[in-house]
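Shown next, in C-alpha cells, is the structure this report addresses.
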Amino acid sequence: MEESAVDDVIERLLEVRNNRPGKQVNLAEGEIRQLCLTAKDVFMSQPNLLELEAPIKICGDIHGQYTDLLRLFEYGGFPPEANYLFLGDYVDRGKQSLETICLLLAFKVKYPKNFFLLRGNHECASINRIYGFYDVCKRRYNIRLWKTFTDCFNCLPACALVDEKIICMHGGLSPELKSLDAIRHIPRPTDVPDTGLLCDLLWSDPDKDVAGWGENDRGVSYTFGPDTVTGFLQKHDLDLICRAHQVVEDGYEFFAKRQLVTLFSAPNYCGEFDNAGALMSVDDTLMCSFQILKPSEKKGKLLYGSGALAGPGRGTPRR
C-alpha cells in the first residue's frame, strides 16, 4: 500500500475528532482490503514474541469504542509522538469496530517500528462471528471483507517483552509456557485453538483464591494464582506481567503484590459499566505510571486524570 494512501486513510479516520461521537468513516472496501494485506505482511515480518524498548505506552481492550481510542491518543500523544503497544480486543461489542481496527492497522503500517498490536481473544473468527464484528462487516461491506480481516488477525503476534523485564499478552500465563521460546515457535498464520499455549495466552485469568492452576468460569483455558505469577517471573528473570482481558473499575488493577497488572482502556464499557479506562506509561527506567480516562456523570464526556507512579514489581534499572 502506497504511503500516501495510508496517510489519506489516517487523515479521514482522524477527521471525525471534531464531530459528534459515533460518526462513521466510510472508507472504500478496496482501501480496507489493502490495509489488511499490508498490515499482515508487517506482522509476519516481526516475531511472535515482540522485543520492544521503553519508553512505551501500553493500552488494554478497546472493543470498538472509537471515540475513546481517539481520546487515548489525545491524552498519550498521537503516533509517532509516543510509542504504543496495544494488548488486543480491538473489535466487537462497541459501535465502531471498523473505524477502530482500521486506524490501528493504518498506524501499524505507517509506523511499523513504533506502534505494536498484539492479538486478543476477539481477534478470532469464531468469537467475532458472534459478538458483533461479523455483523458490522456484513452490514457495511460484505462477508468477504470479514474474511480478509480474519486472515490479517491470524498473523497478529501473541506477546511482547519490554526491555527483557515486562512481559505483555492479552490474557495470561499457560501451564504450557515452559520457556519464552515456546511463544516464538507458535506458527503463524493460525486460528486460535480451543486449548494449548496460544489459547491460554489469549484467554487465561489471574485468581487470588487459586493456588497453581484452576478452572476458568469462561469455560476456556485456566485461572492462575499468585504463586504461579511469582514462580514464572523468578524463573524467567522478569519483573512484571502486563495483560488486559478483564474490565477493572479504575482502568488498571494490580495482582500478586504488584507482579501483575490488568489494563482496560474502554471507559464506560458497553455503556453498562462505570469503569475508567487506563493506559500505562513505561519510562526508560521501567517506572510505570497510569493515565486514566475517567467515566463522567454525563455520558459521552470523559475526564482525564493521572495515576500515581508505581514501579514494576521491584524497581529495576534499565538493562
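Count begins at 1; order follows the chain as displayed.
Keep in mind that glycine also has a Cβ here, set from the backbone N, Cα and C atoms.
Site annotation (Swiss-Prot, ligand Mn(2+) 2) includes Asn121, His170, His245; from Asp89, Asp92, Asp200, Asp209, the additional listed residue is Asp89. Within 10 Å of the C-beta of His63 (Mn(2+) 1 binding site) there are 28 other C-beta atoms, taking all protein chains into account. Under DSSP, His63 (Mn(2+) 1 binding site) is assigned to coil, being neither helix nor strand in the three-state scheme. The two recorded residues, His170 (Mn(2+) 2 binding site) and Asp89 (Mn(2+) 1 binding site), have Cα atoms 8 Å apart. Listed in sequence order, Gly60, Asp61, Leu87, Gly88, Asp89, Gly120, Asn121, His170, Gly171, Gly172, Leu202, Trp203, Asp205, Thr262 are the same-chain residues six or more apart from His245 (Mn(2+) 2 binding site) with CB atoms under 8 A from its CB.
Of the recorded residues, His122 (active site, proton donor) and His63 (Mn(2+) 1 binding site) place their C-alpha atoms 9 Å from one another.
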